[in-house]
Amino acid sequence: MRLFSLLPLLALLVVQAAGQSEVTSDDPATDAGSTTNSTTDTKPRIPSQDEILGQMPSINPIRTGNPQMDAFYMMFPALGSLLKWGSLFPAYSILGAIPDNLQPTAAASKVVLVLADDATAKTRVARQNPPPNPLGQLMNWPALPQDFQLPSMDLGPQVGSFLAQLPAMPTVPGLLGAAAPVPAPAPAPAAAPPPAPAPAADPPAAPVPDAPQPAILGQAALQNAFTFFNPANFDASSLLGQSVPTFAPPNLDFVAQMQRQFFPGMTPAQPAAAGTDAQASDISEVRVRPEDPYSQEAQMKIKSALEMEQERQQQAQVKDQEQVPLLWFRMPTTQNQDATEEKTLEDLRVEAKLRAFERQVIAELRMLQKIELMAKQMRSSAAAQNGDSPYRISYPLSRTPIHKITRADIEQALRDDYVRRLVNKEAQRRARNSGINTQKANALKRQAKSQDQTLSKEDIVQIMAYAYRMANEQMESEKGKQDKVYAAYRTEQNPMMMQQRQWSEEQAKIQQNQQQIQQNPMMMQQRQWSEEQAKIQQNQQQIQQNPMMMQQRQWSEEQAKIQQNQQQIQQNPMMMQQRQWSEEQAKIQQNQQQIQQNPMMVQQRQWSEEQAKIQQNQQQIQQNPMMMQQRQWSEEQAKIQHDQQMAQQMAQQGLMMTEQRQRQWSEDQAKIQQAQQMAQQTPMMMPQMQQRQWTEDPQMVQQMQQRQWAEDQTRMQMAQQNPMMQQQRQMAENPQMMQQRQWSEEQTKIEQAQQMAQQNQMMMQQMQQRQWSEDQAQIQQQQRQMMQQTPMMMKERQWAEENPQSVQQQGPMMMQQQMPSMMQREVEDEDNKAEDDLVGEAGPQMPENEGTARHKVDALGVGGNKRKKSKSKSAPPTVINYYYAAPQRPVVQSYGTSYGGGGYGSNAYGVPRPVNSYQSQGYRAAVGNDEVDEMLRQHQTMARATHFRQ
């Protein structure tokens, strides 16, 4: 963020810093510990961005009561706030309700506002009456029917006989009070027979048949434990009278639970009172959360399909939240100036807090990466000591970039014991150091200072909401830019699509014009004329910009115009004749302008237009022969004018060719005079110049012959044009179709011949200019070589001037010796031009060593030193250094003892070693063809074997 966008904050910070500096400047000890190292506080200084972000409020660590979590929150307050309140500011939940499972557990209030149309709320459960308690229903049901009465039965003899069979027991009167409740299940067998005659449809009789089992168990217990009872101690009637009122209710709670679990639909429900049965309404509601958020009934409730889908969506959201990077709120570093100026002061403050929070999160993530890397080293060393594999647990956090770290990565890192231990130790150390530092600070600073402000949960949620809003705005703007760029790219990459679009637009315009013509013909004629004039101007501009594209478009437009003309001829023939005459006049003017601008393109276009005109003429002859005769006469008049213009152009070209011939003849004369002057200056180089002129003369003869042949062809064509034009007039008078077709074919042939002649003339002109430039370059090169002669040639020239008679005697001998070698060299040069492997002339390797660098010369042209094997099998090309040799002593003829024919080991041309040359016998100075020829004139040992290429 740029500095000028925080001007209000900067002003406040400067005033605050100035106020603090006035207070603390008296004490040197306190000034030493300040962050700013300024010694003079007379002039206020604008703080840097780092200082501004450093003065942002800190974050309160979260207190949970768990020592390990408290240590983590103390070490990483920003990360802890992100992990704790992460459900508040990701993109999908910041505008909706907060799920209960992601909310903080210590809620301030149990009252929750729920919107009825909110589909993301987990607390949205259909409100209904509590299910009835089956145990209460069972207790409300009577155990026996209301009309049921026990029959009068004397059970005394039966019980007495049963007890009489037991062994005799001593009478224990003290146990009567305690023993009376114990045999309470005993009267159950007496109650078993009466329900048998009752109807089977009576529901209260269902649980009664389960009672005999506890009764039998009770009899066995009585037989073993209470054998001391006898019939004398008990009376059956009194026993029944005491036990029936004190009948304990059976514990049927487990039965009700099983029934609710396995048969939820069979639970009998009491009808609720009127007005109490209410499902979730369509309006907002206020509900009170229950004490136990996970009640037993809510867990056992069978969920509907809608709730299952909602849970599935919430699980997907939680999974996405695990994969969202923690730094999703990262602000872009570059912003437009207009965007920053439009922000309000509150937005600027929130953005400053957001940037400070972002920097703190990045610093904490880097610290956590270091801790995880240290834990990895500790685990690997411990595993190496124990012989275990150190790669059993992966540590991906240290390898992940900071802007890609997610919540799942941090949770996986915190599962490791070593990471948790290191975090706890670091938190303890920081707690000790922070306590000492706060004590020192409180002891040193005696000024009144307010408590440091901290970022609360509301502040963090606010800055996250701002980041989410900014990210949405940036995403929309970037999407708009990308759409524009992509649209432009598609139009550039697909010209066919653009052509189709233009064609469709033109078709729509044509249809619209036809409709308007039918409605108002007079107005449409004027409008069409103005549109055609505008199109003609637009076409001329586009032809200058892009000729190739305009040709295709013009062809399509002409096809559309031809169809439109045919339709209009059928509708109104008289009006179309006048309009066609005006169009043809405009086309003739347009063709003349295009011929002046671009003749080659216009020729191709004329051929296509003539083909279209021929077809159109045939159609019109069939429709209206009288009108076509008049039109043909006007076309012939236009063609006659066109032919006259072409004849004038050909005459001008003939004049230009004659001027060019005269100019070339004068240039040749200048060359001959210059060659004669050079021959007079350097008599030693005369044979070479004569031979070169001898090779150039056939070329000049051929060029002159070609020019004369081209001129003869043009004259023949001009002579043939006049009788052809007369024949065309005679054939135009005859309205037969065959004569017109032949006449058009002959016109096309004549135009093709003219085009070929013009192309040949242009090619000849280019060849002549190229040859003239090459001759000029060769003459300049010879002049340079003449100026750069060796001191030896200067001495020879002086000697020749002093002794002209001896020079005249040696001249014919030198010519006779040199002519065979020069002829052989020229023939070989002409034969081997295609096989020339000379890459280029060597440039100066070092400027301070220019003129002394030497290259080993390949004398026989076989390519390189064969004693050294290179990586590539092909021989390197020959490189010749043409630099002027350094001044040295004259050549001394020393034949020595070697007669090897001038190879690398030969001493046939033993030259004393120059001062700055390489210290090797195989290097010789090859400074150009002239110096080598001079050596060959004096020593003819290698005259026929050496082949230097130019």
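Note: Cβ is positioned from N, Cα and C throughout, glycine not excepted.
Annotated by Swiss-Prot as region 'Disordered', the relevant range among 268-294, 376-402, 889-915, 916-942 is 268-294. It is 184-212, from the ranges 97-125, 184-212, 213-241, 445-473, that Swiss-Prot records as region 'Disordered'.
Mean pLDDT, taken over the region '12 X 26 AA approximate tandem repeats, Glu, Met-rich' (493-788), works out to 73 on the 0 to 100 scale. Across the range of the repeat '1' (493-518), the DSSP-based residue counts are 25 helix, 0 strand, 1 coil. 759-788 is the stretch from 493-518, 519-544, 759-788 with the greatest number of Cβ pairs below 8 Å to the repeat '7' (653-680). Each residue of the repeat '2' (519-544) gets a DSSP state, and the totals for helix, strand and coil are 25 helix, 0 strand, 1 coil.
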